Amino acid sequence: MGATEPVVERENGEAVREERERESNREAEVDFRDVERGPEVGAQEHGVQTHPPGEFHMSRLQRLSETNPLRLVINGATRVATPSPPQFRPTPSPPQFRPTPPPSQPLPTPSPSQPLPTPSPSQPRSTPTPQQSLITLNSRRYTNRISLFLFLLHMVVAVGLFGFLIFKGIQSLLQGGETQRKEKRLLEYFLPQVEAASFLSITLAFLWQKAVREWPKFMVHFIIWTSFLMALSAGILLICFQRPATDGVGAVFLIFAIGNGLYACWVTPRTGFCSKIFIKSLEPVSKFPDLNRPTYWMLGAGFLWISLWIFAVIGALYFYFPPLIIIALVLSLAWTAEVMRNVANVTVSRVIALYYLRGMQSSTQFCFQRALSKNLGSACLGSLFVPTIEALRIVARGLNLLEGEDEFMFSCAHCCLKVMESIFRCGNGWANVQIATYGKGFVQASKDTWELFEMREMEQIVDSDMTSAICFLTGVCSGSICVIVVAAWTATVQRSFTATISLLAFYIGYLMTRIAMALPQACVSCYYVCYAENPDNRLFDKSLIQDRLNSIKSGHDLVVPTPRRLHRISRTWRTLRATRLNLIFHMVVGG
């Protein structure tokens, strides 16, 4: 019996080894199937695989297409979030599932008197558990929760205020006397024109977006000069009514038209590069047929909200302190419309950025749900800061042009530019791309994005980019068209309402068009930011941005001085001023 025991033990050992090898092969096959489903999981946005697969057969890899994300990850063709080395955790398992020793080592034969060895941490059989990656594409946390809470609180208050003011308007309509007559006159001569402006603005919004996507090169020049002509026409029309209120509003339009015309002449050399960027950045849109749906949903929601807002404005006229309430309603509508625009921007940014960085065709609906939930706080915070930052940017550049002999203006300009330097780093419109892609907060995304631009020396290119100006002028053009139509209508029925209705029509037309232009603006932002993150991606035209950067460095293309590059210009101004004073001194002494 003792002679046969080793044979039995060896047979048992071989059976255990074969069982472990079959179990290991089954696990390798399961791991490979999970990895192979990675692109499908990414396409549905249920998760992104951040750890490499286990063992798999090279013959299966060779059958994958060259554009398959799995093959790109294996070949290192794309920049992916590199996970930390896997940390293995031994898990207790039954004896038949103990780790398999290397084939070169003989299988130890367990003896009845010696217990089976415990699996060591260096040779586990359990599935490797990678450390949490610092960069994830599927963050589950809510960003900027304080701003999200404030916006939701604002919406609750706004809905309550709308309901109360609409109730006050109905109550004044049911009452007799002078109040009832005023209410009926508003409903007859005020409400139809404003609602018509809403319908016209949403129609123009659809047309502008469609035209920019179909003919981007032509539309860049068309928008710049059409906005000038429409603003000039609106101003002249209002002044022709010869009433104090319409004269004042018309003068504002004329001043803006003059500035718009000067700007159009000034940026003419840059329109060629802007057209090329539009053409290249809008190429991926055709790969996502439903990419416009979030923008359309936001336009529909904006139209309904503005319709309720108009009734609330009418009701505010019959409550205490009408001017203050109307100002509050105007600010509330501005924030709400800007949040709608940023939600559409973040949705498009995630779809396009994942296409550039990972080669994934993401679900637009899932990205839209993320923008309305996880990233809504960042969209709310950006809606407050980005318009303010853009306004300060214009003021800073204006002060820079004015600085010269006046020491006070000189000091104010540099103080403002120092403030702008910190503001641009902590909050800019380019942050939406990293907010959408990595789920970062607004401030952190702004800092990281600007660091990418500085690393690639792209600050001058993005500072001189005309995309925001094109979208702004598109809104101005739509608002001016609404003013021309509504003002001409109102002047024939109730001329006393012309100035007020003209301002409301311009405001509504501008906001609706800005929501529609979120798609092309997001595409351009993704092109810049994703290029800065991975310029070697084959989806980018390397010569486009690099040639522009070389032209700026060589001085062939002049760009607007940025707030971070004006110290050199300030020294030049001081040198010129000192030279002029010395020249005057020598002339006086010599005379």
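Glycine is no exception: its Cβ is also placed from the backbone N, Cα and C atoms.
TrEMBL: automatically predicted annotations, no manual curation.
Note that this is a predicted model, so its numbers are computed, not measured.
Checking TrEMBL for transmembrane segment across the ranges 251-273, 320-342 points to 251-273. Among the ranges 351-368, 495-512, the one that TrEMBL lists as transmembrane segment is 495-512.
Touching of the transmembrane segment (251-273) and the transmembrane segment (294-314) is ruled out by the presence of fewer than three CB pairs under 8 A, sequence neighbours closer than 6 excluded. The transmembrane segment (148-170) is not in contact with the transmembrane segment (495-512), judged by fewer than 3 CB-CB distances under 8 Å for residue pairs 6 or more apart in sequence. Across 220-239, 466-489, 495-512, the stretch most heavily in contact with the transmembrane segment (294-314), judged by Cβ pairs under 8 Å, is 495-512. Beyond the ends of the transmembrane segment (220-239), by six or more residues, the same chain brings 246-247, 249-254, 256-257, 260-261, 263-264, 267, 271, 274-275, 278, 466, 470, 473-474, 476-477, 480-481, 483-484, 487-488, 498-499, 502, 506 to within a C-beta distance below 8 angstroms of the stretch.
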